[in-house]
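Feature annotations, reproduced from Swiss-Prot:
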- HIS84, HIS86, HIS254, ASP328: Fe(3+) binding site (BINDING)
- HIS84, HIS86, HIS254, ASP328: Zn(2+) binding site (BINDING)
- ARG93, TYR156, HIS189, GLU257, SER333: 4-imidazolone-5-propanoate binding site (BINDING)
- TYR156, ASN330, GLY332: N-formimidoyl-L-glutamate binding site (BINDING)
Amino acid sequence: MRPLFIRNASQLVTLAGSSTAPLVKEKMNELHIIENGSVWVEDGKIAAVGTDEELSQQFQERIAEAEIVDATGKTVTPGLVDPHTHFVYAGSRESEFAMRLSGATYMEIMNAGGGIHATTKATREASKETLYEESKRRLDQFLLHGVTTVEAKSGYGLSIEHEVKQLTVAKQLDETHPVDVVSTFMGAHAVPAEWKDNPDGFVRVIVEEMIPKVSELGLAEFNDVFCERGVFTPEQARIILEAGKAYGLMPKIHADEIEPYGGAELAAEVGAVSADHLLRASDEGIRRMAEKGVIAVLLPGTAFFLMTKAANARKIIDAGAAVALSTDCNPGSSPTVSLPLIMNLGCLQMGMTPAEALAAVTINAAHAINRGHEIGSIEVGKKADLVLFDVPNYMQLIYHYGMNHTDTVVKNGRVVVKSGRLCY
């Protein structure tokens with residue numbers, strides 16, 4: 001592989017210095033920007049970072065052998081990281097959009113057989129090949145929007161056979177697509193129709209059958225639960241998360257999205273890597289998360305699409321908890337792949353600064369999927385995952401919403417998007 005020399009960026013936003021822990025409080029505003037910055041890449045890794053003058057001198061005898069990427073007038077950031085998605089699914093749910101506009105709530109639609117249950121039916125019925133192709137198209141769109149690593153949850157199978165099918169497709173995508181796919185088992189996404197009269201029985205199936213099988217096959221790193229009234233209680237969620245820990249699956253939790261339900265407190269209790277949503281989390285729950293180092297993954301696109309009040313990122317940041325942002329890409333409550341849009345919503349709806357929003361989709365998002373040591377910032381030794389945005393500064397990326405500013409994407413030192421087009 002030829003060396004890659006990315007030269008003369010208007011802004012090189014490195015976010016250097018937080019590979020061992022996420023950024024918190026005022027540190028989220030410290031982006032460590034290099035004007036007229038350049039990056040030298042060797043064998044898929046970042047080998048040097050500095051001004052163009054510094055690197056041109058350092059590598060003057062090797063520039064002729066390198067592939068040159070001219071970043072003049074552009075902003076270079078770490079590859080974006082999406083730490084919470086449900087992008088491996090079949091079907092679509094645009095009919096529910098009209099239902100919600102007529103006044104139906106998320107839980108009303110779900111209890112009527114729509115929502116997660118509708119996507120479960122479509123995903124169960126889809127062949128593995130169909131599921132792969134539909135999901136690959138979404139993954140291509142993530143890449144075109146600057147995402148180089150994405151978390152993918154199961155949870156639209158809700159049986160051993162179909163959960164394994166979803167996770168197998170996610171693994172195949174990780175192996176065949178430039179974007180790294182980090183898998184989360186979420187058999188506890190909903191209680192399927194066949195278990196609606198015996199939810200505790202379904203919990204036993206998750207604990208005694210699904211988790212052991214997923215662990216045996218090596219299909220996931222994390223274990224997630226939708227802890228909400230009418231879905232899984234805190235007691236049921238605790239059982240599922242502790243069972244996952246026993247099999248080496250790190251806990252995550254969908255917490256306090258619809259009402260304060262003790263999800264944030266439970267996340268702190270079980271040592272979750274992250275607690276996600278948190279629209280209605282209690283102050284005490286947030287305090288405990290901050291104390292235990294649980295990352296708050298906030299999903300403003302979901303609140304926007306469901307027309308509800310978003311989580312209070314300002315309060316969570318000021319409380320000392322690390323904050324990441326994510327699309328929550330899914331067919332029912334956030335059908336988007338655009339992290340730049342999510343950054344804009346994080347500022348407008350959640351009280352974040354633009355710098356905090358960018359940190360939340362790079363280094364903090366990387367820590368939310370246990371990858372902060374290898375991605376999320378532009379530092380020597382890390383993966384050469386980089387994005388060139390066709391804007392002169394990072395503020396424009398967030399301010400000028402509604403269009404895709406991605407020009408070039410580098411994944412593991414290889415150009416995979418050029419002039420806004422896939423080239424892998």
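Every residue, even glycine, has its Cβ placed from backbone N, Cα and C.
Straight-line distance linking the Cα atoms of TYR156 (4-imidazolone-5-propanoate binding site) and ASP328 (Fe(3+) binding site), rounded to a whole number, equals 14 Å. With a 10 A radius on its CB, ASN330 (N-formimidoyl-L-glutamate binding site) counts 24 other CB atoms from all the protein chains.
Between the CA atoms of ASP328 (Fe(3+) binding site) and GLU257 (4-imidazolone-5-propanoate binding site) there is a gap of 13 Å.
The binding-site residues recorded for this entry are ARG93, HIS189, ASN330, GLY332, SER333, and the Cα of ASN330 lies nearest to that of HIS84 (Fe(3+) binding site). Listed in sequence order, the binding-site residues near ASN330 (N-formimidoyl-L-glutamate binding site) (C-alpha within 10 Å of its C-alpha) are HIS86, out of HIS86, HIS254, GLU257. Reported as a whole number, the C-alpha separation between HIS189 (4-imidazolone-5-propanoate binding site) and GLY332 (N-formimidoyl-L-glutamate binding site) equals 13 Å.
In this structure, the binding-site residues under consideration are HIS84, HIS86, and the one with the smallest number of other Cβ atoms within 10 Å of its Cβ is HIS86. Between the alpha carbons (Cα) of GLY332 (N-formimidoyl-L-glutamate binding site) and ARG93 (4-imidazolone-5-propanoate binding site) lies a span of roughly 6 Å. In this structure, the CA atom of HIS254 (Fe(3+) binding site) is 21 Å away from the CA atom of ARG93 (4-imidazolone-5-propanoate binding site). Each residue contributes its Cα atom, and for GLU257 (4-imidazolone-5-propanoate binding site) and HIS86 (Fe(3+) binding site) these two points are 16 Å apart. Counted within 10 Å of its Cβ, the other Cβ atoms near GLU257 (4-imidazolone-5-propanoate binding site) come to 25, all protein chains included. Contacts of SER333 (4-imidazolone-5-propanoate binding site) defined by a Cβ separation under 8 A and a same-chain sequence distance of 6+ are given as TYR106, THR302, PHE305, LEU306, in order along the sequence. DSSP assigns ARG93 (4-imidazolone-5-propanoate binding site) to coil, not to a helix or a strand.
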